[in-house]
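Handing you a structure now.
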Amino acid sequence: MAAAFGLVFALLVIFQMSSSVSALSSNYYEQTCPKLESAVTNAVKKAMMNDKTVPAALLRMHFHDCFIRGCDASVLLASKGKNKAEKDGPPNISLHAFYVIDNAKKAVEALCPGVVSCADILALAARDAVALSGGPTWDVPKGRKDGRISKASETRQLPAPTFNISQLQQSFSQRGLSLKDLVALSGGHTLGFAHCSSFQNRIHSFNATLDVDPALNPSFGSSLRSVCPAHNKALQWTLQQPHSNNVYYKLLLQGNSLFSSDQALLSTRETKALVSKFASSQEMFEKAFVKSMIKMSSISGGQEIRLDCKVVR
């Protein structure tokens, strides 16, 4: 019974995604808001000048939005009354740079009031975050609608940094995404930052006999232990690659990965082959990343256009 329900759920998600894809268009706002993209890009550029973590924040925000109820900007909604919104769910506590989307929305509303969804602005901002960090650019299909429902409890559906390959595959397949999409989208970590708490399990008390995950490069593991001591789990340590590129895959093959979910990509023949492929070719990685980003960002979501990204009308 549970298996049958899971199959029906997956088919419904895939159907919703395909319906959304057909409804989206790269020139959706060509007549109604022709200066949309430049307004969003300017907001992202301005924020990046003052905060180097903005690109990773926007990309992660978009990912977390799309994986809960589709790409409907529900991650932007504020908690209200007894309802605790997605942004206040445990996996999203570290999300930041919401002000970038707010600023972009204000600029867009000044140009074309009530026309552009917050979901489209977030999708465009994520694309700009990658492109302005030295990565590829692409035409973002537009026409998404904003959602009205945002629940912190649903954030438990997000893939965790401790997931193994089976858990990752299930999480992605339920959203119509393949193993290739999983490996390609994981390359977004090259922009990212990680808190010690996300990989403590690999560097302290890994199992009954080993302190450190043997899959880690020994010198890299020692470095992580020195900046993330077991007695100070509140310490935030960040690892940043300044440009969007395929270095993530090269580091992964060298045993220099942070999350268990990163290491999991080497645990099957298919995913390991993709890691090696992307590590050997920046061009192949970028092509796959763009295709998977468009696919993920087309997962259907909301029903309206919000004038303020933080509240529903």
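Just so it is clear, glycine is given a Cβ too, placed from its N, Cα and C backbone atoms.
Predicted, not measured: the structure shown is a model, and the values here were computed from it.
From TrEMBL, for reference:
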| type | residues | note |
| --- | --- | --- |
| DISULFID | CYS33-CYS112 | disulfide bond |
| SITE | ARG60 | site 'Transition state stabilizer' |
| ACT_SITE | HIS64 | active site, proton acceptor |
| BINDING | ASP65, GLY70, ASP72, SER74, GLU86 | Ca(2+) 1 binding site |
| DISULFID | CYS66-CYS71 | disulfide bond |
| DISULFID | CYS118-CYS309 | disulfide bond |
| BINDING | PRO159 | substrate binding site |
| BINDING | HIS189 | heme b binding site |
| BINDING | THR190 | Ca(2+) 2 binding site |
| DISULFID | CYS196-CYS228 | disulfide bond |
For CYS66 (disulfide bond), which of the listed recorded positions (ASP72, SER74, GLU86, CYS228, CYS309) have their CA atom within 10 A of its CA?
ASP72, SER74
Using the CB centroid of ASP65, GLY70, ASP72, SER74, GLU86 as the Ca(2+) 1 site centre, which other residues of the same chain sit with their CB within 8 A?
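These residues sit around the Ca(2+) 1 site: CYS66, ILE68, ARG69, CYS71, ALA73, VAL75, ALA119, GLY147, SER150, GLY301, GLY302.
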In whole Å, note down how far the CA of GLU86 (Ca(2+) 1 binding site) lies from the CA of CYS309 (disulfide bond).
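So the Cα of GLU86 (Ca(2+) 1 binding site) lies 13 Å away from that of CYS309 (disulfide bond).
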Taking the Cβ of the residue listed as 'Ca(2+) 2 binding site' as the centre, count every other Cβ atom within 10 Å, in any protein chain shown.
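Summing over all protein chains shown, the residue listed as 'Ca(2+) 2 binding site' has 25 other Cβ atoms within 10 Å.
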Between the Cα atoms of CYS71 (disulfide bond) and ASP65 (Ca(2+) 1 binding site), find the distance and write it as a whole number of Å.
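It is 6 Å, counting Cα to Cα.
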Specify the nearest of the recorded positions ARG60, HIS64, ASP65, PRO159 to HIS189 (heme b binding site), where nearness means the distance between Cα atoms.
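Closest by Cα: ARG60.
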If one measures from the C-alpha of THR190 (Ca(2+) 2 binding site) to the C-alpha of PRO159 (substrate binding site), what distance in angstrom results, rounded to a whole number?
18
Nearest to CYS33 (disulfide bond) by Cα, among HIS64, ASP65, GLU86, PRO159 (recorded positions)?
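Going through HIS64, ASP65, GLU86, PRO159 one by one, the closest to CYS33 (disulfide bond) is ASP65.
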Including all protein chains shown, what's the count of other C-beta atoms within 10 A of the C-beta of GLU86 (Ca(2+) 1 binding site)?
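Taking every protein chain into account, the count is 26.
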